[in-house]
Structures are given as C-alpha cells and as structure tokens.
Amino acid sequence: MINSDNQKFSKIRFDWARDEILEILNYPLVDLMWEAQIIHRRFNEYKVQLASLFSVKTGGCEENCSYCSQSIYSSSQIKSHPQFEVEAVLNRAKTAKKEGADRFCMGWAWREIRDGKPFNSMLEMVKGVKELGMEACVTAGMLTDEQALRLADAGLTAYNHNLDTSPEYYKNIITTRTYQDRLETIKRVRNAGINVCCGGIIGLGENNGDRASLLEVLSNMNPHPESVPINSLVAIEGTGLEEKKEIDSIEMIRMIATARILMPKSKIRLSAGREKLTKEAQIICFQCGANSIFYGDELLTTSNPSFQDDRKLLKDVGVLFNKDFEYCDKTVSTV
C-alpha cells in the first residue's frame, strides 16, 4: 500500500527505476488513485487545457508505424491530402480559438522535416497561430538542429515527438526509425529552447513492464516533458494492429495516475482513444492527474468527442479551463 507520507513521492525526481515504477503501476487501484490525487492537488490546480489538433498534411508517410493509417505501408482507406495553405490552417486555428481552445497543434505525416517551401509555410503557420494569442505545437517527425532553432525563432511553443512504447517493445511497432532517433529529436527540440511534448500509446500489445519502461524513459528526462500525451490504441482497419482489442478503461486510469506521480508538474494529456472512455472513466482520469485534452471532433485520422460534449463534461466535473500559457515552471535536477 502507498504511504502518502512516503518521502519518495515528496519531491520531483529524475532517477526513477523501472521496478519501482512497475510497483506503482500495479498498486491497488484505490491507493494509486489516492496518491495521484494528492500529488495533483499539491502541484497543480484542477484546470484542464484545451488543445485542438489539425492534420495539415495527411497520408503518404514513409514510416512503417504499425498503428498508423497514414503510413504508406497501411492499406487503410484514409483520404490523403497535400499540405494545406497557410490561410486555411490559420482559419482552422481561429475556429478552434472561438470554440475555447488555447493551444493549436499542427500535424504533418512526414518522416522528417525537409527544408524548402513546405517548411517555410510551417514557420508562417506557427507565427500566425502565436499572433492569434494561442500556443503553437507542431508534430512533423525528425528535425535538424537548425530547423529546431528556426521553429524556436518563429515562436513555436512545443514540438511533439512521442516515444510510442518501451525501448524493448519498440521493434514490434516500427523498424524504419530507431528509438535513439526519437531521443535525439527530443534533445534537439530541448536544446533549441522549445517545450517538449512527448508520450506514448498503450494497447499496442505491450505488457505492464513495457509501460513502466516507457514511463521510466519519460520521467528521467531532465527536465520532464512539459506535456505528456497518453494515448490508447485506436485500431484502424488496414493497419498492422487492426485486430487489437480495446484496452480496459482501468488500464488508462492506471497509466494517467502513475504518470502524474512520476511527473508532478507536467501536463498529462488524455489523448487518442478518449472517445472510447465512458464519462465516468474520463472524470476519474481528471481526478488522477489528467489536465489536458485534445478538443474537437477529430484527431488527425481518428474521431474525438465534439466541442459541445467536452464543454458539458468539464462543466459537470467542475474543472476550469486552463488559460495559463505553457511557460511551465521547469524543475531541473540539481545533482
């Protein structure tokens, strides 16, 4: 049983071991939820950030991520789309802001950013979103040091680059990019002064040990990622994981709660697969530390609750919308 006075939960750490994370992940659920709530209340207010996600360029990705319908290796029937023009993207951002979102995330189905007109347009989009008074986030694969610096100069708030799963299970999910490639990308983002958005997916066929290992990598980043998206697999026909069954909502609750304990100040984002959770399960996730959601009826190529449904949910829960920009009080190890 967790002792709420336990010193190992009293400060922010960067030296978590896989075995102790696995122990936390497997605690009796009521104890795990209790400890996560204590830590969440200690380090955060009960506010939820509303982030809107838009697919700027859809389909045709050269990576072979087995969960993704945008991969050229997938036979799913998604409608590919070339990169939208700057004006169209900014109009979408304006709509998201009008609906209440304060963070606009833009996704490109790329293996990596390439210099040229598409990248220059990306920079314009970032500047335009910031001029609207919103946080700007980009997810577009790997990038160079110079590209990261140019994005920082454009005012990019955060760059998303997920680890997906544990280092050990990773080879079962993707082989066209290494785990180290992902870590190097995150390092470049951090070195450029851009906030890091980095999380993973559960329900890929991994076990609890893999989940603990993923959380070990994330929680030992120094500083912690400012945002940690926790996704559950949305099995899409035509992808390599189309036969995977939905995870139980308790597994998502455990993952959210454990992430909150390990990374007390990070925004823990309840992400893909949220539509499959009951209203009650989502409320428990908020109680256990989730303080950000993707807001709007679509996440890249998967569905999501509507603006109206989410506004009603948050009103029923009684949490406030978080309008504090992600400048984030970064706690860094002094060791």
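Every residue, even glycine, has its Cβ placed from backbone N, Cα and C.
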Of Cys61, Cys197, residue recorded by Swiss-Prot at the [2Fe-2S] cluster site of Cys105, Cys137, Arg269: Cys197
Cα distance (Å, whole number) from Cys105 ([2Fe-2S] cluster binding site) to Cys68 ([4Fe-4S] cluster binding site): 18
Cys65 ([4Fe-4S] cluster binding site) versus Cys197 ([2Fe-2S] cluster binding site) - Cα distance in angstrom: 19
Binding-site residues compared (Cys65, Cys137, Cys197) - the one with the fewest other Cβ atoms within 10 Å: Cys65
Integer Å distance between the CA atoms belonging to Cys65 ([4Fe-4S] cluster binding site) and Cys105 ([2Fe-2S] cluster binding site): 21
Collapsed DSSP category at Cys68 ([4Fe-4S] cluster binding site): coil
Distant-in-sequence Cβ neighbours of Cys61 ([4Fe-4S] cluster binding site), under 8 Å, six or more positions away: Cys68, Gln70, Ser71, Ile72, Ala109, Trp110, Arg111, Gly141
